[in-house]
Structures are given as C-alpha cells and as structure tokens.
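Step one of this worksheet: look at the structure below.
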Amino acid sequence: MAPPQEEGGGNGTELSMQRSRWATRRLTVKSGARKRLSLMTRAQAKNSATEKRQSGVTDDGSPAADGDQKEGSISSSNNGGSAPRKLYFNLPLPPELKDEEGHPIQQFPRNKIRTAKYTPLSFIPKNLWFQFHNIANIFFLFLVILVIFPIFGGVNPGLNSVPLIVIITVTAIKDAIEDYRRTILDIELNNAPVHRLQGWENVNVEKDNVSLWRRFKKANSRFFGSIWHLIERLWKEDAQSMRQRFASADPRMSIETRTAPWDPSHRRSVASHTEEIQMTPVPSPVPHDPDVPTVSSAIENEATLLQNLKGDLINHEIPVSGKARFHKDAWKNLVVGDFVRIYNDDELPADIIILATSDPDGACYVETKNLDGETNLKVRQALRCGRTLKHARDCERAQFVIESEPPQPNLYKYNGAIRWKQRVPWDPHGEPREMSEPIGIDNLLLRGCHLRNTEWALGVVVFTGHDTKIMMNAGITPSKRARIARELNFNVICNFGILLIMCLIAAIANGIAWGKTDASLAWFEYGSIGGTPALTGFITFWAAVIVFQNLVPISLYISLEIVRTLQAFFIYSDVGMYYEKIDQPCIPKSWNISDDVGQIEYIFSDKTGTLTQNVMEFKKATINGQPYGEAYTEAQAGMDRRRGINVEEEAKVIREEIAAAKVRAIRGLRELHDNPYLHDEDMTFIAPDFVEDLAGKNGPEQQQATEHFMLALALCHTVVAEKQPGDPPKMIFKAQSPDEAALVATARDMGFTVLGMSDGGINVNVMGKDMHFPVLSIIEFNSSRKRMSTIVRMPDGRILLFCKGADSVIYSRLKKGEQADMRRETAQHLEMFAVEGLRTLCIAERELSEEEYREWRREHDLAATALENREEKLEEVADKIERDLTLLGGTAIEDRLQDGVPDTIALLADAGIKLWVLTGDKVETAINIGFSCNLLNNDMDLLRLQVNESDASTEDDYLQLAEEQLKTNLERFNMTGDDEELKRARKDHNAPSPTYALVIDGFTLRWVLSDSLKQKFLLLCKQCKSVLCCRVSPAQKAAVVSMVKNGLDVMTLSIGDGANDVAMIQEADVGVGIAGEEGRQAVMSSDFAIGQFRFLQRLVLVHGRWSYRRLAETISNFFYKNMIWTWSIFWYQCYCNFDIAYIFEYTYILMFNLFFTSVPVILMGVLDQDVSDTVSLAVPQLYRRGIERKEWTQTKFWLYMIDGVYQSVMSFFIPFIFVVLTPTAAGNGLDVSERTRLGAYIAHPAVITINGYILINTYRWDWLMLLSIVLSDVFIFFWTGVYTATTYSAGFYQAAPQVYQELTFWMCLIVTPALCLLPRLVVKCIQKQRFPYDVDIIREQANRGDFAAADAAAVAALGGPERVEGESLGSLSSSGKGSGRSKKSKHQQYASVDEDRRPIYPPSIATHNTRAQNGSDGTTYIMQSRTSTELQQEMPFDRDREEETPAVRPSIERTRPSYDRIRRSIDRVRPSFEASNDFTSAARLSRIESTHSSLGHTYSHQRESYAGESSGAQQGQEPGQRRFNLATVRKRGLSAFSKKSIDTTEGEPPREPPM
C-alpha cells in the first residue's frame, strides 16, 4: 500500500469541526494514561474553522476549502482542519497513523448532533450569559447589590430583588420551552435505528470508553429529562381539551424508520453502461496532483486490459471469526469506518460510500429533498469493486483502504479513491496487483437523504456528525434578538444618563446644603448622615440611584416578555394560518421576535416545496407542426388580469370547456383501445384532437407522427416503474426529474405504458401490445448539457437515438436544410407555451448505423473508464453523436404552484416587500416559475449575470469577467457602485423599478460575492424588482441573505422547507420553515413554522404589523409612565433638602408597576388593533411604516419622555398648591404624617392620568381594555382604603378617610388629569384632522363600513371549503382557506359597494404600490390596467367583441385548439426575450437553426418602444384609446380621469397593435 499522506491529519479535521465543550475530552490509551485537549486549543481551532468558512463563502460561494485546492485532487498538506483522511478495513493501521501507545492518531467527531442551544448542564450558565447581555439586567443586578447596604437607605433588599428574579426566571422558562422542541427532535434523530455491523474490529477509531464526565452528563440528562417528562405528562392531562381543539405543536417530522414492503420484482435492472453514470450537476475532477498517490499510475497504462475487469474487495484467503452480524443500533453510535446496511425508505444516518446494492448493477435511488429541496429521485452507483459484498461475512473478508478528501460543505463535490490488492485473471499465480478506483459524489450517500426504490444498500461511513455535508451547511443555531430589543439598549442608556444627572444634582445639592446649615429643612429628612458634605453627597448619590431606579424600568422587560408570549399564543391560535391537510397551525418557535416580522423589507424564498408543489403536469405538446392541449395556467391568468379581464369568470368558463374536452378525449382513448393503466383523474394532457390524430382520423402521416412521438417519450428516460395493485392497476413512475415522470405518465395515459426494465431493455405496452426495446446506451442529463439521450434498438433492428432537452440546445443540433416549415411552426408553438408559463422541451431523434454505433461505443467505454477528466471526455464523446437530429416535436409542462402563491407575492409586493428566490434548481425552471407566480412579467428586462467555467482559467480572470458584467449593468442605472450610492441605498426603502429583474447562477454568484464585487452586486440587485439566484448551495443562500441584511441594514425573512434552507433561515432576522412530509430540519431551525407559503401574508401583514406597532407603543408608554412617577419624587426633593425621601408610601411604589398601571399597557401590547386583519390584507400598503421603522423612532421616544416630564410637573405641583393652601397644612411645612398625605394627593391623579394617556393612545377600545382601565383606577382607591385601615400602615394609618374627605383632593383628581392630558388631546386632534396618517384615513373608511365586503369575504373564506387538489389554476387565484381576504384586486372587492362608500386610498399608499401607481380613486397612471369600479363600468369586458378580433378563445367545437388568445402577447414578449437562452422565441430559434451554433450566455436587452405596449387590446380598451403617462396625469389632474372616455394625444392618430 502507498504510505499515508500525512501523520495526524485527521486530528486537525476533528478539531476544526467539533464544538467547544464545557470540559476537556479524555483520550483513553493502552497504558491508562490520559491525553487532554485543552479548552483553549479547541476554541482556537473552532475560531480557525469559522474564519475559514467565512472566507470560503466569498471564494466558492459556499464555506468550502480554498479555491486553490482543485476539485478531484486530495491535498496532502496538513493545514489545520483541511487534512485528508485514510480509512483501513480489515487491515492494520500503519505505524505512522498510531501514537506511541498503538492507538489511532486520527480523531473523528461523534455522529451525535445537537441543534439545541442548551443542555441540562449548560442551560443555567449559558442562559444567564445571554440574559445579561441586556444592559438593563446588569443595572438591576447592581441595584440589588446596592440595596443590601443599609447606609444607602434600602428598605427591603429581598423585596427589591424580586423583580429581577422574576424576569430572569420567566425568560429562562420561555427559552427552555423554545429549546425543548429542538432537544426532543435531536434525541429522536440521534436514537433513530440503523443496521450496523457488529462483532468485528474497526481499526480506524479506538474503543469508546465513556469517561466519568460523560457519565455525569448522561446521568444529569436522564434526571432532568425524567422531571420534564413528568411535568409534561401532568400538563397534557390538564390540557386535554385544548389538545383536542388544536393539533400538537410538534412538527410532524418524527424520525421513524420506514418499513414499507419491498417487492423485488420492481427492482430496476440497469444496463452495464450505467456503471459510469455521473448524476451530479458539477464537472468532473481535474487532473490530480502527480505527487499525491490517489490512484495507481500503472493501472492507467493497462487501461485496455483492465477496463472490463470488475474488482473484488473480498480476500477469500483470510480467516474470519464469523461472529459479525448486522444489528440495529442508534445513529449516535455510528463511527467513521463502520459498515452499515440501509433499507428501502430509510434515512441516511451519515455520509456513506456505497459498496453494494440490491441491484446487480449497483444502482440505487435517493431522494435529496433535505439537501437541495428536490423530491425527484437521483441515481447513485455502488463502486464496481464492492458489488460482490452481500453479507456480514463478506464484510469481514473485505480488505481495502479508502483515501478521502477532508470534510467540506459542497453538496455537489466529493473526491476520493479506494485501493485494494487483487490477482488478475491473466496472472492468477502472481503477486496481487494494487488496484484503485476513483470515488465521486455519485458514489456517496449523504446524511439526510432517503433511500428509495432500492431494497437495500451496503456501505461504509466516511463522515459523521458535524463533518457531514448537511451539518456543515446547517451552521449553529443562533440566538436572535428583536431589532427593537437591540435598539432599546440605547434608550436605556439614555435613561441611565438622565438618572445619573438627577443623582448628581441630588448629591451636589444635598452636600452643599448640609455644608451650609448642617441642619435639615422643615420637611422630613430621609437620607443618611455622612459626617462631611462630600461623604454625604456620595451616600446621597447612591441612595438616589435606588430611589430613581424606575427611570430604567425593569417592569418594562417583564411586561415585554408577557406581551410577546401572548402574541405568540395568538399567532398559534389563528385558524387563518391553520393547514388542515397536515394538521399544522402556525407555530412560533422564537417568541421574542414577533415584532421583527412587522419590519421585513426583504424575503428570501426557496422554490421547490416552498413556492411550488413540485408536481409537474404535462399540459401541451406540438407534434409535426401541430399544437395540442388545453390548459389555463397562472401565467395566463396574470396576463388576463393585466388586460383588465375578470380572471375568476374567465377561469370558470375555460374550466368548463376543458372539462368537456377531457370527457371527449377519454372517450376517444377508450374507443381506441382498452388501456388498463388510464385513470381519468390522473390525466393532465387534455387534447381531443390528439386522440383523433392518434386514431388516424386526419391521415396516416399525422397518426404515425403522434405514435412515434409518444414512443419517444416512453423510451427516452431513466424512470423507475412501479405497479400498484388494484382494479384497475396503477403504474407509478419515480424519476430523477419530475418533468421526466410527467412525460412518461402522459405516454402511459395515451397508451404507451412503461412497464419496467428487464434484460437490459425497456418493456412498453404499446396500445395494448407488450414490446421489449433493448437499451444500448443512456447519456445522462446534466445542467451543462441540458439534454439527455437514449440509444435503443427497435423491433425492426434499427438503432435510434432519442434526445430530449432544452429547445435552444436541440435546435442547435438539428440537421441542416431539413424540416424548415416544421421547425418554424414548432418554434412558434413553443414560444406560445413559454408565454403561458410552461416549461418546454424539444424531442428529436437520429438513426444510427451499426458501424457508427460500435465506433462510438468504443470511444464511450474508453472515456467512461478514464481516471482523469472523465466527465469532460464523456461530454466530448456524447457531443459527437448528438448531432444531425430530426425534430419530432415539443412538450410543455406546468410546475404547479402552491395555493395562493401569486396573490401572496402580489400582496407582499404591494406592502413594499421585495421577494428574492434562492433555489438550487436550474435557471430555466426558476424563470418559468417566476412568470407563473407574478415575480416576472412580460414588461421586464431580464438582467442575466453569467460567468461560465469555460470562460476563464484563473480566479482573477473570473473576477474580471464578473466585474465587467456588473459594470455594464450598473451603467443602465447611471451608477458606479461607490460608497455614496450605498449610503443612499441604505436610506431608500422605496420599491425598485418594476421594469428590471435579475437572474444569476451559483457559479457566478461565487465571484460576485467576493469582497471586491459584493457592494456593486448589492446595488445592482437593489435596482431590480425581482432577483432569482439559481443553482446555489445552502451556504450561498446564507451569504446572499447576510449580504442584504448587513449591507443595506434591513430586516430580512427567509422561508424554506428543506435542510438546504437551514443556513439562510438561521442567517435571516426571521426564519420561517414550511412543515410537510419532509424537511423537518428547516422547521427545527426556524423561528416560525407554517403549513403553506400563502400563510406568510397573514403572518407578516397582519400579526407582524400588529406586533411591531403594539410593541413600539407599549415601550413608549412604559417610559412615559415611569417618567411621571420618578420625576414626581424628584420634584419633592426640592423641598426636603434632597435627602432622597420617598414622597409616596412604599406600598404605592411596589403597586405602581404591579397593579396600578401595568395591566392596561400590557393589554395594549397584546390586543390593540389600529385596523382589523381583513383591512390589513385589503390595504397591504399600511405595512410600509414597519419597513421604514416609523412606529418606533428616537423622536417618538423623546416626545413621550418630554410629555412625561411635563405631566410630572402637573401631577406634583397642582396637588402641592392645593395642599399648601389648605388649613390642614402647618405654617412651617408638613410633618411626617403630612408627607404621606401629600403622596396620596399626587399618586391618585397620576395613576388616573397615566391610564387615561394609555387609553388615548389605544386604537381599539373594547370592553376588556376599558375594564382594565377602570379596575386599575379603582384599585388604588381600594388599596388605600384597605391598607390604611390597618395598623400595619404605620404612619399611613387612617390616611384614606383623612384625604378622601377633603374637597381639595377631589378637585386635584379632576384638574390634574385634565391639564396633563389636554396638550396630548389637542395635538392628536390636529394631527388626525390636518395631517392624517394613512391608517387614519383607512380607519375612517372602515368605520363607515367601506370594508364590509372584505370582512364578509374573510368570514366566508374561513368557513368555506378548502380548494380541491387538482382544481384549475385560475380558480385558485382567489382561493385558499384562511387567507383572511377576498382574492380579488382591492377595487374589485368593492364592486357591489356604492360609489360614495368605496374606499378612497390616500396618495401615499397609492405611491407605494409596486405593481401599479394608483391614485386616490384607484386610477392607474403608468403602464397598468385601470381596475377601479368606474373604469370597469366605462369599459366593460365584452366577451363577444374580444372573440371577434384579434383574439379567439379556445372552443371545444374546433378540431384544433386556438392559440390566437396567446398570440396577442407574443409581440410584447419578443423585444425583451429574443436573445435569452432561457426563454423560447421563434425568431431566436430560427437564428439558432440557421447558425447551427449554441446560444450566447448573456442577455442583451434593448426594449423597443412600439404602440402595441400601449394598445387597448391588452388592457381591455378600444384600439383607439391609449394610456396616459404620469406627466399627463400631473398636467391634467385627477379630474381628467373621471370622464367617460379618454382621448388620444391631440394630433396623433391611434396606432394599431402589432399582429
């Protein structure tokens, strides 16, 4: 064997990835001596790993190794945690990999993972550490210590510590509950079962001797766990009724090993050529470093002899004990080097190299949804040398070494090699040859994936725990604090400064007075005597800190915790966000950031499973120049909506037509032949005319074309067919791509059913006849090729190559000079399909001769066995045969969006929120989805940033190319990307121009995220309405979120459903996980868990806005009320020589924040509503105040503080004047008893004033709020009467009857609140009348009943039936249970409301509409359709006129479906997208055909100005009418739009729309 590359390399790997523990780790050695790795060393290693990860983000787009380590090579340098590892199986470790005691030097992390922030042991110290990051808590702790010393006048130290203990305890309990769910999921995951080989020796790790420290931790965990389970059980018994009403809050993601039965007959037999299939979308490894012995160079020279030799790892000559068996064990017990057997539907517990599978050809299928969000199956291959391993005894005899690269987070790259010795057949008695086989990502099963459609797979563990790729992408669960909470520290510091000033004044004044007179004033002295003025002032200072401590209110933090907890409960209880299908409410997992949800400016969303259902449906096709299929897509609905058509009515009519067409199509198929696999409900390709052509009613030529097309769909794929028993039976297809499954399913429905694979071929039932088609070769799809091909021998002996792929790619490979008419017609049809938002593919074929195929196959086999540049060689060979194709036709597939996605995106856009899509899917798919969900539209220019790997060879060249593209695109906006522009961008919260969208791929993103280009890229994105980042890794997603969050200083929200979204969910200010059947890690790491994307609108626009406004108002009122109370005490010091005497009886001070004033302000924070939920959704522009952070500002804070000081003056001096002027006052002042009476005079009006002030600032005066105000005011009277009636009140005894019988007291009770609140009332009235906010106008309209229609629609939505799956798309634009609003446009909602009662939106709201610049009457200004009620009445949509010209709707009476309705939009699409290789254009495809070359890689869009853009045909207007621009509106005024008709510009004739 070759020597290892470096000693101790694994040790650095372990150090770089392990977390710091509370104690050092013990390494047990043979002699019993202990080696310890110090905590400082571990922390240093951890910091080094963090720095490397951060640097990797800018280099690779993901926290990967440095870019100078080439893919495919295994570096031998030991640079900390980046050293490779070598694993030995049934071979002794070489001496250089052992320590002096004979134990392995390499150390690997355990497979036990923890996403929870706390453990039972670390909870208390760690939680206290986080809580005392709050500066107020530190201050209160200091006060508690200060009160202990009697010289400072502390009354009761124990009582003073109660508030701090309460807030610390309440917060700790809340944090414990939040973290408990993560802990439970961690426990379930770590204890999930796996079949692990036991009874053999794994030499790569030493025996795990549990140390005393770990035993202690385990004992504590079991102890605290048992206590918690007891509490939980008791709580569940008490909460049985609540549990029956609401489903369990635990995500439906429990870890269970699936034990679905496996039918071996369903196993796919893959042809031998699939041994070298490369399924990953990354290029092949580059040539390895010659100094690194990853493979044997001798084997390369004998490639001709060894290319057909199958390796065998089993050494039958070595003796074995026979005790090895596969037994169930927990995930956490797996270690590197273990043999594991994975069964069908099992989740992968670690990163595993596949040695053998149940398939004789070594293929297995995995679902990677947890990693990249894709539910389609991917093929993984076992190593050729390990396929003979079947049983435990085979594993005992297997001798080999695995050389692996170090752990790195790139999900699409892996490089390693397996080495063993074997005798060759031509020299059976000679020495065993050293053999080697490369290991790639297609041989690796990653943790978090699921094994599908494979009976079992056997492999060895190469990475565990935090070394696995999924965990390296997950990051560490952050501790998030709300933005207001962070900003609150500044205000607390300000109040602390005011407190210090007050204390200094008191100390100086008391010291000076004491030095002058050495005697007290006539009033009572409370302070301590220091003996000298300086010492007296020093004591007075600290005594004043204690007395004035309420200026920094600890009660505020307690109240905020209560408010946030109740807000979280109401969010959880909102049935409008309850997803009944999976029994999933909205679960707040981080209770302390609900107000952050009300300030979100950027939302980052995953695509697959988040925006879409990832359910592909075959909708349309074009075959031999004839279009087929009927459908109504989201994109069509969006176009109709822009044209002013009532989408709901249009969709209803078209649905009826499609339903009738489906009945006719099914009847025709049944008449053609009895297809037992046709299920009516599964049929998505609705084309009666296709059925007629298939039956030959329109001639044999088209019949042959349709048959051959469907046969091509049934043969060109890599799907796995499963037959489900039933009557009739059902064929289910599992594929690498859901598109592929949709194509094969449609072929099945049309009578070409794939039955499975056997004997190296595909079995197909063709129109009732079973046929076998031998598969000679499969050329797999990847993102660079954008196509896949299958070479099949037909029954007549011909060899045909079927190729399907992107239309631009196929057109560039068609045979020159043929099918000119068909190519042109097909291009037009594909363009129409693309306008409808469908994903298009082209199907082509080529006939091969025997000699041609044999020659190509020889070259292919040589390329497939190459050890270097294998992918490049395979692509080069494939390129030679995928040429001179004959076009068969094209397909159009719809990726179904989740319910309500377009409306939710539209609402969020109206609110001023920018939505970016970060997806691991390919660019073409993301663009199609962008059109479907209204992120993109035909009026946009797509800015494409694309740097290809083949464009350069060095990092500097890549950076230069990326910089040039950024500079070119920034020039469109007259920008350079400098610091001044960034400063302006940080202050600008307006919506960007709606005419630009940006698309970028992951490889380009790697370079634009570098430090030198990041700022320019950010500023370019800021100018675009939509941004789509495609083919991005999880770490790149997090890097993009971090760039926007920190670069623009905005609030961000990330939403996703898979493990690949965890990093960005944790990076964003607010993380939202979508719960489903998979992706529990996203829910585990999120702050909120919801069931569907559409619930985001209610979470953000309703609860988020409410929470932010409530918290802002609560904090302001808290500071205000404590200012009154504290400054009243301060004013009293002026009359008692600043001796820091309490003017209030001490129980008043305790009761003030506990009972007198806290309940109303807490209810304000929990229940106050400026507008209802339905109005919040009907007018989403109200949310903009949160984006601009106008609810909580420093100006507001200081105004409330000044108001509090003013009212403290009134509250103190008015009662003081009344008391001094009464006969009860002594001639020389007040004695001790009179101090308490004056305090009562001041306290009662102050409490009434404070509660009245809170009521004034409250929008919603419901019975509970009014009751809390009344009870709070009454309670001070009640307490005073009860307490002073007892002798426990001491000097306050009998104060109530003495005070309450005085007329002056009742006069103070009336005059003081009136004078205090009068300025506030006057200012508020003036503001509402003369300078109303948007919400003030909307509230007036709501009070008038203008939103009654929206309220009724919300009630109907909550009580109405849920949308049925599979219902037509057009109907869904207005559906979705619990959406809380009607899904019509905001004016259409009130079509039945009288003209004078329809909502009139304020100008600021209209200005902030990102989709249309609407005036106060709803009239559209720029490039938008007018949808107000008046304009609907002025220009009603005339269906008859619309059908005449230029558009014709599909009719079921026509033999062929009409595409005229779609063709109207083609001319608007072509100027912006003609040069795009992601958007089909007939003109573009024609140029591709003529030049026979591939498309370019950049978008060069120059928008053309033509009359069609402003034609009435697209807006539901007369052809002679034109839209006015904003300048015309401003010039003529809004009154011009009230006329019945709008004339064209004088002197300019109307232009006809382009045809």
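Quick reminder: no glycine exception, Cβ is built from N, Cα and C everywhere.
What Swiss-Prot says about this protein:
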type	residues	note
BINDING	Asp606, Thr608, Asp1057, Asp1061	Mg(2+) binding site
BINDING	606-608, Glu740, Phe781, Ser783, Lys786, Lys804, 839-840, 919-921, Arg1031, Lys1037, 1060-1061	ATP binding site
BINDING	Arg1320	1,2-diacyl-sn-glycero-3-phospho-L-serine binding site
COMPBIAS	22-37	compositional bias 'Basic residues'
COMPBIAS	1406-1432	compositional bias 'Polar residues'
TOPO_DOM	1-134	topological domain 'Cytoplasmic'
TOPO_DOM	178-491	topological domain 'Cytoplasmic'
TOPO_DOM	559-1123	topological domain 'Cytoplasmic'
TOPO_DOM	1168-1200	topological domain 'Cytoplasmic'
TOPO_DOM	1259-1262	topological domain 'Cytoplasmic'
TOPO_DOM	1324-1555	topological domain 'Cytoplasmic'
TRANSMEM	135-155	transmembrane segment
TRANSMEM	157-177	transmembrane segment
TRANSMEM	492-512	transmembrane segment
TRANSMEM	538-558	transmembrane segment
TRANSMEM	1124-1144	transmembrane segment
TRANSMEM	1147-1167	transmembrane segment
TRANSMEM	1201-1221	transmembrane segment
TRANSMEM	1238-1258	transmembrane segment
TRANSMEM	1263-1283	transmembrane segment
TRANSMEM	1303-1323	transmembrane segment
The transmembrane segment (492-512) versus listed stretches 157-177, 1124-1144, 1201-1221, 1263-1283, 1303-1323: most Cβ pairs under 8 Å: 1124-1144
Ranked first among 538-558, 1147-1167, 1238-1258 for CB pairs under 8 angstroms with the transmembrane segment (135-155): 538-558
Thr608 (Mg(2+) binding site), number of other Cβ atoms within 10 Å: 27
Least buried by Cβ count (within 10 Å) of the binding-site residues Asp606, Asp1061: Asp606
Local confidence of the topological domain 'Cytoplasmic' (1168-1200) - pLDDT mean: 92
Dominant neighbour of the transmembrane segment (1201-1221) in 157-177, 538-558, 1238-1258, 1303-1323, by Cβ pairs under 8 Å: 1303-1323
DSSP three-state assignment for Glu740 (ATP binding site): helix
Residue among binding-site residues Glu740, Lys786, Thr840, Asp921, Asn1060 with Cα closest to the Cα of Thr608 (Mg(2+) binding site): Asp921
For the residue listed as '1,2-diacyl-sn-glycero-3-phospho-L-serine binding site': intrachain residues, at least 6 apart, with Cβ closer than 8 Å: Asp1203, Tyr1253, Ile1256
Candidate with sparsest Cβ neighbourhood (10 Å radius) among Thr840, Asn1060, the listed binding-site residues: Thr840
Euclidean distance between Cα atoms of Asp921 (ATP binding site) and Asp606 (Mg(2+) binding site), Å: 10
Pairwise Cα distance for Lys786 (ATP binding site)/Asp1061 (Mg(2+) binding site) [Å, integer]: 25
Residue counts (helix, strand, coil, in that order) that DSSP gives for the topological domain 'Cytoplasmic' (1259-1262): 0 helix, 0 strand, 4 coil
The topological domain 'Cytoplasmic' (1168-1200): DSSP-derived helix, strand, coil residue counts: 21 helix, 0 strand, 12 coil
Distance from Asp1061 (Mg(2+) binding site) back to Glu740 (ATP binding site), taken between C-alpha atoms, in Å: 25
Which listed residue (Glu740, Asp921, Asp1057) has most other Cβ within 10 Å, given these are binding-site residues: Asp1057
Distal contacts, the topological domain 'Cytoplasmic' (1259-1262) - CB-CB under 8 A, six or more residues away: 1167-1170, 1339
